[in-house]
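What follows is a single structure, written as structure tokens, with notes after it.
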Amino acid sequence: MSLTPDEKYELITRNLQEVLGAKMIREILNERDISLYWGSAPTGRPHCGYFVPMMKLADFLKAGVHVTVLLADVHAFLDNMKAPMELVQHRVRYYEIIVKSILKSLNIPIEKLRFVIGSSYQLKEDYTLDNFRLAASTTEHTARRAGAEVVKQVASPLLSSLIYPGMQALDEQYLGVDVQFGGVDQRKIFVMAEEVLPVLGYKKRGHLMNPMVPSLAGGKMSSSAAANAKIDILDDPKTVNKKIRSAFCEPGVVEENGCLAFLKYVSFPAMELRGETEFVIDRPEQFGGRMVFKTYEEVEKAYKDLTLSPQDLKLGLESSVNTLLAGVQEQLKQYPDLDSILKAAYPDPKDLKKAMKQKKQDKKNAKKAGTTNASIAAESGAAPATESQTAESFKKLNLDD
């Protein structure tokens, strides 16, 4: 049964924190299905927070949205070198595998998705020229403010942190979409995009924003969070249970509660995808026995009323997370080279430091051997200068005068 434009809009926007351009999105839906992109910069190892945007991708696909997943490798490098160039390509591959495996585990047909690697178009002439045009029409203050909640903040920021937001705006044009989807932490970049694209002669896009799900320790969940504040996609049940049991979970308090937030934005939507209708907490009989909830609202009310304790909430969450991860890890068995990809993408810090040190030494050795200039000349198509040519050039300068 096909959905009406209003039904599609409701499905597209449910569980979102904010929508920019709602009127425009509705107008497009009255004529055709919308196109949208979600971008992810391959920096730290993917964690359970990635289930949150995946649930929305499921909603988008169900609503007939044409979805593009951008693996933003150039952005990963620009973000204060979170992903060195030596590692970024390996991380792109690892992220792609993880995203596809999460979606498959949720029975979301990935055939309807388009995967694009940022460097496949961001290094081309037309994109580069537009990037210069954007830079010439955007103030440093605007770019810095736009990336404040997304780009890593350091005492002495690199110039790359100012390039990052503008490229994210340009991606909307070069991916040919109507809408960009991301976390509410991206809001300032989205607003910048709405301002700068029309200046370049391109149309303004709509923007959909997910709430930021708190980590297990409270605060924003991210790949750079402390290891015990996030659950890795590859964590085993014992590790998952240990992390959840140590989570910050104040009795009766809903705000900044990472356990409740995960249930709301991941567990219950996942149950819907699997056709399940009950969230079950299997307490031992001596502690009250089994608890059954039909909706997230029932769970939240019980927690507020203190009829559901933090310990029992965590017990139910452990089961939910382990079920989700078991499905993903089963899909990952299709990739026999996963271990080697993971090691290449996230090598031991000691090994990485050793490799970088060796690379630096190799450059020094090459310079001493006089090969550096020859390599540069060869790459540019010019022949290396001979000693006699160099002497002749100095003569022409008339240095004695």
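Glycine residues also receive a Cβ, built from the backbone N, Cα and C atoms like all the rest.
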Next on the checklist: Checking feature assignment: motif ''KMSKS' region' per Swiss-Prot, candidates 5-9, 140-144, 220-224. Which range matches?
Outcome noted: 220-224
Next on the checklist: Looking only at Y37, Y164, Q168, D171, Q186, which the record lists for L-tyrosine, tell me the maximum pairwise CA distance in angstrom.
Outcome noted: 17
Item to check | DSSP residue counts for the motif ''HIGH' region' (42-50), split into helix, strand and coil | outcome: 3 helix, 1 strand, 5 coil
